[in-house]
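To keep things clear, I will list the structure first and then write my remarks on it.
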Amino acid sequence: MLIQAVTIFPEMFDSITRYGVTGRANRQGIWQFEAVNPRKFADNRLGYIDDRPFGGGPGMIMMAPPLHAAIEHAKAQSSQTAKVIYLSPQGKPLTHQKAAELAELPHLILLCGRYEGIDERLLQTSVDEEISIGDFVVSGGELPAMMLMDAVLRLVPGVLGDMQSAEQDSFSSGILDCPHYTKPLEFQGMAVPEVLRSGNHGLIAEWRLEQSLRRTLERRPDLLEKRVLIPKESRLLETIRQEQREIQS
């Protein structure tokens with residue numbers, strides 16, 4: 001997989017290309033990265049790529065020509081069809097399902113905005129999709145781009161040492177992950193649940209499913225509304241709800 005970022009701050013991406021599982025996978029050649037600085041495509045000696053907005057208003061707007069040239073340069077680096085994504089609070093929310101879809105693609109180009117925004121004409125002509133990481137605003141698109149990259153790369157075969165880690169993550173199965181424990185057996189008076197030390201894999205699997213359902217019901221009940229429950233999940237969920245009704249009564 002090739003991922004390119006159109007950004008005026010290429011160095012920010014060192015954190016994801018050099019460290020952690022994504023950095024290791026990058027060194028192993030599982031995925032490649034290139035930062036494309038639109039300043040190199042500016043039509044002025046000083047490398048300006050922004051100007052004042054027509055109609056007035058605060059801040060500066062990133063101009064379409066240098067961004068378009070940077071995107072076209074990025075596309076030319078691969079024979080594979082590229083998907084161009086603009087990280088924007090106006091985009092559709094990034095979900096696990098969307099990350100899984102993007103992980104199947106060979107070439108992503110991530111457009112990182114700055115200042116007050118980007119000329120709308122560039123978005124209409126050069127961007128395939130806008131994606132948001134949440135209902136809030138940050139100073140630029142670089143951090144959202146790296147969050148998207150991390151979410152996508154985890155799902156690319158070979159990036160994680162054990163793909164089961166990704167399969168057990170929250171949202172991968174449509175519900176939240178269960179609690180996890182390691183040594184010591186007791187910490188500040190709290191012991192590791194006995195079932196996890198039993199060695200009975202069937203009981204452990206059922207406990208983990210029950211805990212995932214319980215946590216999802218408490219923290220993200222909206223996820224359960226979208227989920228088609230299998231009989232075991234329905235039975236466990238009804239038991240959990242019955243317990244909650246008894247506590248409230």
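Glycine residues also receive a Cβ, built from the backbone N, Cα and C atoms like all the rest.
The S-adenosyl-L-methionine binding site annotation in Swiss-Prot covers Gly113, Ile133, Gly134, Asp135, Phe136, Val137, Val138, and the record cites sequence analysis as its basis.
Neighbour counts were taken at the CB atom with a 10 A radius for the binding-site residues Ile133, Phe136, Val138; the maximum falls on Ile133. Neighbour counts were taken as the number of other C-beta atoms within 10 angstroms of each residue's C-beta; across the binding-site residues Gly113, Gly134, the minimum falls on Gly134.
Same-chain residues at least 6 positions away in sequence with a Cβ under 8 Å from that of Val137 (S-adenosyl-L-methionine binding site) are, in sequence order, Pro89. The Cβ neighbour count for Asp135 (S-adenosyl-L-methionine binding site), using a 10 Å radius over every protein chain in view, is 7.
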